[in-house]
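Listed in TrEMBL for this protein:
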TRANSMEM  A:32-52  transmembrane segment
TRANSMEM  A:59-84  transmembrane segment
TRANSMEM  A:104-123  transmembrane segment
TRANSMEM  A:130-152  transmembrane segment
TRANSMEM  A:178-198  transmembrane segment
TRANSMEM  A:228-253  transmembrane segment
TRANSMEM  A:265-288  transmembrane segment
TRANSMEM  A:300-320  transmembrane segment
Amino acid sequence: MAGQATAFTATAQQSPGLPGLAALGFNRAQSIAFLLLLGLLLVGPFVLYPVFLMKLLCFALFACAFNLLIGYVGLLSFGHAMFFGMGGYVTAHAAKVWGLTPELAILAGGAVGAVLGVVAGWIAIRRQGIYFAMITLALAQMIFFVCLQAPFTGGEDGIQSVPRGALLGVFSLAQDMSLYWVVAAVFLAGFLLINRIIHSPFGQVLTAIRENEPRAISLGYRVDDYKLMAFTLSATLAGIAGGTKALVFGIATLTDVYWAMSGEVVLMTLVGGLGTVFGPVLGAAVIVSMQNYLAEFGAWVTVIQGCIFVACVLAFRAGIAGQLGRWLRVRL
Amino acid sequence: MDAILETQGLSKQFLGFTAVGDVSLSVRRGSIHGLIGPNGAGKTTCFNLLTKFLPPTSGTIRFNGRDITRMKPAEVARLGLVRSFQISAVFPHLTVLENVRVALQRQRGGSFDFWRSDSVLRRFDARARDLLEDVGLTAFAQRAAGELPYGRKRALEIATTLALEPTMMLLDEPTAGMTAEDVDRIVTLVKRVAEGRTVLMVEHNLKVVEGLCDTITVLTRGRILAEGPYAEVSRNPEVIAAYLGTDPSITGAAAHG
Ligand SMILES: Nc1ncnc2c1ncn2[C@@H]1O[C@H](COP(=O)(O)OP(=O)(O)OP(=O)(O)O)[C@@H](O)[C@H]1O
Ligand SMILES: [Mg+2]
C-alpha cells in the first residue's frame, strides 16, 4: 500500500529535533507540531467549551493508543471498545461506589484495561490478519453482553451521576476548568508515553516485527511476547481514556463498549493518519467536532462520517497527517 | 565425523504432496555445505524445517547435540542456528545501521523496556558499523534499507545475520538475481565469514557452489539424490540426468570433470 508506506517514511530522512524535544524522540517537524499542540491545549479552554475539548482529548488518547497497535505493530484490533468501555465502567464504579479519588479511579480504569488486554491479547495474538481482527471483535462482543447483564454496570441505564471528586482528595474538580487541566495532563502523559514506547528499545523491536515478522523471528525475537506487551499497553491506555471520559461526563454507558465504538476509533486513526504520531489526535479532533457540530443532522451524521471515510480512503490514503507530511516532506 | 546439524528421516507433506521426503542430512562442523537441486526440489522447505518455520510431518533434527525438532523458531535462532531468506529480508524503513542494530540488540536479552529511550542502543553503533564495513556498506549506513540495490540488500542481510554471531548460518540463494561483481563480493564474504562457523547454503549458481562448498547434497523432488564433494557429485550420472534440460551448466561442468 503506497499510502501506508509514506506514513512510515524512513527514520533515515529524519531531521534532528529541537534540543530538549529531541530527547522525547521528536524530529524537527514533530517538535514544532508538539509545541503547537501544547499551545492549543493551553489556549483551548478559553476559546472553546472545556467539556467539548475534554471529550476530544479522551478520544484522542484512545485513538493514539489504538494507533500504537495498528500503526507500529501492524495489528488491527476491532475490539478496542472493550477496553475503553470497561475502563469507563470501572472508573465510574470506583469513583461512585468505592469513593476513590479521581486519579485513583482513572488508574483503576487503566488497570482493568491492562488485565483485559492481557487476556484478550493472549487469545487473539496467535491469529494473523483478519482472524486477529475477528477474534478481538468477538471478545469485545462478549464483554458487551457481560456489561449488558452484569448488575454493576446498571444495564441499559449505565452508571449515572458519577462524582468528579477532588484531585488527591484536595482539589475539587467540580468546575469544568479544573477538570480540564487534569484531562489535558492525562492526555499529554499518555501521548508522551506512547511516543516514548515508539522510540524505546522495545519500540525498535516492534518496528522490526511490523516491517518483517519472519526476519524478526529468525533473529531470535519471540514476537508473540512483544505483540502481547504492545497490546496490553494499548489496552491500558484505552482504559485510561475511557475512565477519564466517564469522569468528564459523570456517566458510563453501553455506548462505549458497543462495537460501533471500536469502529469509530479505527475511523479516527485512519482519517488522521495511521502510523503517524499526530494523526490520531487530528483524526479524533475531526470526528468529534463533526459529531458535535453536525449533531442537528441526527442520523445523517453516520452517513456523513461514512462519506468522509470513503473520501479519506480514496483521496488521502495516508490520512491527514500522512498527507500533510508528504506535502511538507516531513514525518509527523 | 563431528556433525553439527543432523536430520533423520525428515519429511514434510503439504496436503499429501511430499515436498521433502525422508531426508537424512549431516552437516560437518566448520564446513560449507551446499544444498542444490532443481526448482521445486524442496530446498527452501528443508530450510524452513531446519529453522522450525515449518513443523515436520515426521523425522528428527539435532543441532549441536540437542534435539530441536519441537522447538520454536526464535529458540532455534537463540541456539545459534540462524537463517537468511530466499527473498531478501531486511527491515525496509529502518536505516541500514538500524537493521544491523536490531540484531545486535538481541544481546540485551529481552527488549521489553518501553520506558527507556532508544538512545541506549547507541552502544551498539560501533559494532554495527564494523559489521557494515565488513560487507562494504559503510557508505549506506544512514540510508533506508529498502532503498538499497538488490545485491546490497543481500549483503546487509548477511551483516545482520553475522551480528548474532551464529554458530551456523543457513543461506538461501545468497547470490540469486545478482550482477557478476555482486556475486564475487558475496562469495568472498561468505568464504571469510565461514571461518569458525558452519554454513549450509542453497545455491543455483554452480560456479559459486564449486568455489565455496566442501560437501554438497543434491535434492530432487524432496529426496536426496547424491551427496559428496563437488567433483564427485557432478560426475554422478543420476545428478546429470536430474539436471539435464533444467540447468546446462552442471552438464558442462560434469563434462570437464
Ligand atoms: N506452504 C506450502 N504449501 C504447499 N506447497 C508448498 C509449500 N511450500 C512449498 N511447497 C511446494 O513444495 C515444493 C518444494 O518447494 P521449495 O520452495 O522448497 O523448493 P525449492 O527447492 O526451494 O525451489 P526453488 O529453487 O525454486 O527455490 C514445491 O513444489 C512447492 O510448490
Ligand atoms: Mg527455494
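Note: Cβ is positioned from N, Cα and C throughout, glycine not excepted.
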Problem - Winner by Cβ pairs under 8 Å against the transmembrane segment (A:104-123), considering only A:32-52, A:228-253, A:265-288, A:300-320 - result: A:228-253
Fill in the blank from the handout: Ranked by Cβ pairs within a distance under 8 Å of the transmembrane segment (A:178-198), the first of A:32-52, A:59-84, A:130-152, A:228-253, A:300-320 is A:59-84
Exercise for the section: Determine which residues of the chain contact the transmembrane segment (A:130-152) at the Cβ level, with the cut-off under 8 Å and only residues 6 or more beyond its ends counted. Expected result: 75-82, 85-86, 89, 93, 97, 116, 120, 123-124, 159, 254, 257-259, 262
Completion exercise
Per the Cβ under 8 Å criterion, with at least 6 residues separating them from its ends, the transmembrane segment (A:228-253) contacts 51, 54-55, 57-59, 61-62, 64-66, 68-69, 72-73, 75, 77, 80, 83-93, 95, 102, 105-114, 116-118, 120-122, 124-125, 153, 157-165, 173, 179, 183, 186-187, 190, 193-194, 197, 202, 206
Handout entry: Contact between the transmembrane segment (A:32-52) and the transmembrane segment (A:300-320) (3 or more Cβ pairs under 8 Å, separation 6+)
Key = no
